[in-house]
Amino acid sequence: MADREERRFAEVPRESVKLMSESAGVELSDELAALLAEDVCYRLREATQSSSQFMRHAKRRKLTVEDFNRALRWSNVEAIAGYGAQDALPFRPIKEGELFFVEDREINLVELALATNIPKGCAETMVRVNVSYLDGKGNLEPQGTVPSAVQTLSEDLLKYYQQVTRAILGEDPHLMKVALLDLQSNSKMAALLPYFVYVISGVKSVSHDLEQLNRLLHMVKSLVQNPYLYLGSYVRSLVSSVMYCILEPLAASINPLNDHWTLRDYAALLLSHIFWTHGDLVSGLYHQILLSLQKVLSDPVRPLCSHYGAVVGLHALGWKAVERVLYPHLPAYWSNLQAVLDDYSVSNAQVKADGHKVYGAILVAVERLLKMKALSLSLPAERGFGAQPGSGGVAGFRVSSPGLSPPPEPLSEAALGIASHLQGPGGAGTPWEDWTPVPLPAMYCELYSFFGDSLAVRLSTGPSLGGCPPSALSQPADTRKEPPGPAANPDTARKMPQLTANLNVSPRQDGSPRPEPAPPSLAATAPGRALARSSSSSSIQRRNSSSRPGQRSVGPSRDVFPKARFPPPQAGPPAFSFLIGGRQTGRRCQGRRFQTSFSPAPPPSSAPPRTYAHKLPVIGRVGKPLRRWTCSHYSLHLPL
Amino acid sequence: FHRLFILLVHAHFISKMAAVQDGQVDLEVEKKEIKTETSNDGSGNNNANSSSPGSTSLGATSKSPTGPAEDQQTLLAVLQFLKRNKLNESVDILRREAGLSVEIDDSPGSASGGAGSGGASNSTVDGGDTNSLLSRVSIAIPAAPAVTAAPVPPKGLDQPDVNVVLSAYSQQGDPDLYPLYYNGLKKFIESVLDCHRAELSQVFYPLFVHMYLELVYNNHEVEAKQFFEKFSGDQECYYAEDLRILSGMTKKEHMKGNETMLDFRTSKFVLRISRDSYQLLKRHLQERQNNQIWNIIQEHLYIDIFDGMPRSKSQIDAMSGSLAGEAKRDANKTKVFYGLLKEPEIEVPLDDEDEEAENEEGKPKKKKPKKDSMGSKSKKQDPNAPQQTRIPLPELKDSDKLDKIMNMKEAAKKIRLGSDNLPSICFYTFLNAYQGLTAVDITDDSSLIAGGFADSTVRVWSVTPKKLRRVKSAADLSNIDKESDDVLERIMDEKTASESKILYGHSGPVYGISFSPDRNYLLSSSEDGTVRLWSLQTFTCLVGYKGHNYPVWDTQFSPYGYYFVSGGHDRVARLWATDHYQPLRMFAGHLADVTCTRFHPNSNYVATGSADRTIRLWDVLNGNCVRILTGHKGPIHSLAFSPNGKFMASGATDGRVLLWDIGHGLMIGELKGHTDTIYALRFSRDGEILASGSMDNTVKLWDTLKAFDDVELDDFTAATGHIHLPENSQELLLGSYTTKSTPVIHLHFTRRNLLLAAGAYNP
């Protein structure tokens, strides 16, 4: 009974009635108004009641204005005009005072009449058949096919399809742009999706034509970006087309003049885009992609461009993918790559150039891996804590920042499921079952052994993220383009200088090893640390303590160079700095000469972030005069 | 005298007054009189009030039992009515015919006054001789329930004005005592033995309603509200809808024109109570001298007393819920010929035809029987079937015979359904039905599907490769060689072939739609108050049947064609023939809108479901109401007869399907499972499976064979109608199939027992 009392009817207050009557020019006494108000309420209820039967007979759940008007008409009351719109009328309150009103926008009739975008006629009412076949027990059997009659395209759609495909694959770039834009925003072409997907799957037949491939990829992009399309299982098909562009040794890549690298980069970018926006549509997509990437990577028969594709693909999928697939695989892969890079025969020139591309791509990937890893450590921790990745690393490993981890499935789960497929052919890659997160320092050390100083450049910026005000970071670093992939932190990305950009985006400059003119003084200024190596195969530097499961072809040279030195934690502010004597030039290989300092945690008080930030970009860029920082506390022990 | 009534009726029509609502106008040549419904309905038919659609006082005249005195009275009433409506010519004719003198004619003032005061006297005896009154009633009831009405003459016999009807409430009592009275009775009923409590609790609701209305009528607004708040929570939940309406009504002025209120007022709420329980109640009221309550019971309640065990709560709950209580037992006593008509003998060029014919007696089969005097000798007559000629049916045309042969051939390939062999379901989804799909029908041979839309259009689709074609224009037709063999093909205009056709003509949502059995016609009923007949040869409107002056909710063709039935907001169902612009029968008696109408397979009966939560079965022959079935707790929106004509299923907004035995007029099953209004019901061709489709986007299949088998009908239950429903609806549910977002509004079994369903996708 109590709840019945609460269920009151809507009531029209007598003030409203008085107001109405006044607007009609009639004065009403309070008493009269109250009576009228009550009667109005009753009549309203009555009309509502009888309007509900029109709703019921129209077999609807929603009472419409139309129903109400019918009820009024049948009780000989004038219908209310002006509310016949099909869509719901917004009912809004006014914040001040308890006033509610129906929004009644004014419509500019002139504009409406002269509008050029006349809405197209609604689709025709039609009947469509679905059959549920039941077996004897009443269980549903697989659905029959829909009769083709109801699925055929309308004339308009067919025309649209022809025009768009012709425009995109045709010669006119302007027309293409228009078509792509429309594809990106057209809400009525859902029926054409399978056809477009089919066209896109034609990448395999035009692998000789970079231009066409590019256009098809653009088409993919437009489709993916179209908010009105539900891609559904077509995602799989699109992904396979994109993967083809990333991984396959395209016919176009035979000619070194063809810039198929850019195509792969773009495709990888697209892959990550599809994956991040539509990855949830297909279950297991992430791991299928990872699997195929890993397969390519671990297949030594594949050309380097395929490997390159795999690396950029992994990079595009995020640092976790890199950590999971590329990193364990690196030691095995390195030997192959090294062999290529060390072959200086003329016949190998082209392959070597390709090898450098791969090298660069791997470098970029692992750099970001390190950075993001450090970031993921520092993010959950307090600033002070995060400043010490060396000590705090292990504790923070399990904590992953949500934005950086791939969305569809937890990694651990997949690691088990796919593990069996992932036994690297050579057994070189770390099997996924055994995969355990490598602590950051260990990882760093291992990677450092491959890449030397070129790695440390970028890593150093990671942990200081929190401390550096953005203004300080706006160093005139000539970053030409951001590296592809979901760069989670713009700051880190921005600080990634030239090298990254070179590797990824402008590969053409990159036919040979790093083109930087290494200042000869570098080697000299690192007394005892840097030695000229006669064999570049020994260009791997490792920390003494690191235990690497990979091959150790460079054994003897390893211990000669102490690479990094972690000073013991000091009392006072948790400063963390170490020096790196970079591996220096091999005589025949003129490139890869780096020096850097790795100081992930500048004590906030001891060093103004500004000076710190100032020197950062320069460190990797040996081409620039570096004298300014000679006196810096954080700089190398080299008189730069 | 009979001629007089014809005249009356005639006058009635030409004067273009609202149609006769109460009492069926029986145009049959032999009878020619306005049918009365006394035995069934008491005063329940008296819908006389200004707002009730199309009602006039004429209906009231049909109420009186036969007898010279009543005849006289009736005549007077008619005269009065005519005079009031300024039909002086008719008055003169009537006088002459009846041989009434002017003096008598002038006296009705006093006569009606007498009647009025008679009614009033009943209500003013509050403090009078209650005991004698009681004894009179108690004697009267067991003797003949119909007579109980006699002490209380129908209100407003001659003065059907609303005011008079309402004035019955004018009895003055102390408003403060009402809660006391009610509470007293409540305490008493709570204290009686368990077996009586359930029965006596039935009294609460009608008492509550009438006491509340009395309070409101006498301007005790505050007390009424208090009374409502105090006791409305005690009422059964299935009355919530009515209570809501009541609670909004707090002023005397509101009572005028409120249909629900008038339903309460003009009809007696029927209760079935065992003799023991009734004695208890009577004794209590006598002891307490509780006249207020007693008066209400006497005036507004009809207590149907039976001998035997008091009913249990579940038994009562199963049957109650309708607007006016349960049906009186004797309302369902008429014999109903539910058997099927004999099949016509058609020479079928198939050998297995003999088999078919033999099967027919053993198992029920949905076939179109057709009376055929030639072949009737060969087969035995079903004892429950009506005579072949009971109502005239159209002759079979050659094309009908062909169709029947096709039907039989198809039926031979029919899949035998059962709990272990369910039908596949084919769903016709209406896409882009922005206009709002309101009705669907599929032809018997499943070749055409039609939809009625809220935008007043009717659309017909062909679901076979055969396209819809129009007949050529008259000019073109004259050029056709009429002797050629393919003349039927030649008359079609190939240029007009299309998959669908749109029929324009209505001016309101099309709520009901029905194909004729021969697929030549289509009926549609609409909010605009008309039923239209369309030709499917020319795709034009042939006739607009005007009679319902209010929205027509449903219409259906007879299984033999020619006749059709319609029902609407005016609470009347009408029987029409396609070649008559006026209805042949009017079935009046429902207390609220007639929401759905169905023909019995033998075409002799019509079932109507109503918003008053009852189902009535009407005899087409004489217009009588032969069954009143109560038990639903919400407006009924779907009905279906089993193919053997023996059973009926009904679905309502309460989401329950009820099964009925027509012969006994009993509820024999309750199928629970749906969560929303059931808009579609259909038996399989052999009646083994019932399919139900609902607003809740599901199609459910029920094992009716089992449901019908489980029912045990001994003589006692058959006599009293007090049946124990088996609680097995979950066992009977064979399957539930959901659509994505499409309410199911039509179901159809093809001749081979494939289930077709239809609805509009509702994004």
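Keep in mind that glycine also has a Cβ here, set from the backbone N, Cα and C atoms.
The compositional bias 'Low complexity' feature in TrEMBL is assigned to B:39-62. Positions annotated as compositional bias 'Acidic residues' by TrEMBL: B:348-359. Annotation comment: TrEMBL describes B:371-382 as compositional bias 'Basic and acidic residues'. Taken from TrEMBL, the feature region 'Disordered' applies to B:36-70, B:103-128, B:348-402. What TrEMBL records for B:430-471, B:503-538, B:545-586, B:587-628, B:629-662, B:671-703 is repeat 'WD'.
Broken down with DSSP, the repeat 'WD' (B:671-703) shows 0 helix, 20 strand, 13 coil.
Within the repeat 'WD' (B:430-471), the DSSP-based counts of helix, strand and coil residues read 0 helix, 23 strand, 19 coil.
For the repeat 'WD' (B:671-703), the model's pLDDT averages out at 92.
Note: the repeat 'WD' (B:545-586) comprises 0 helix, 22 strand, 20 coil (DSSP; helix = H, G, I, strand = E, B). Break the repeat 'WD' (B:503-538) down by DSSP state and the numbers are 0 helix, 19 strand, 17 coil.
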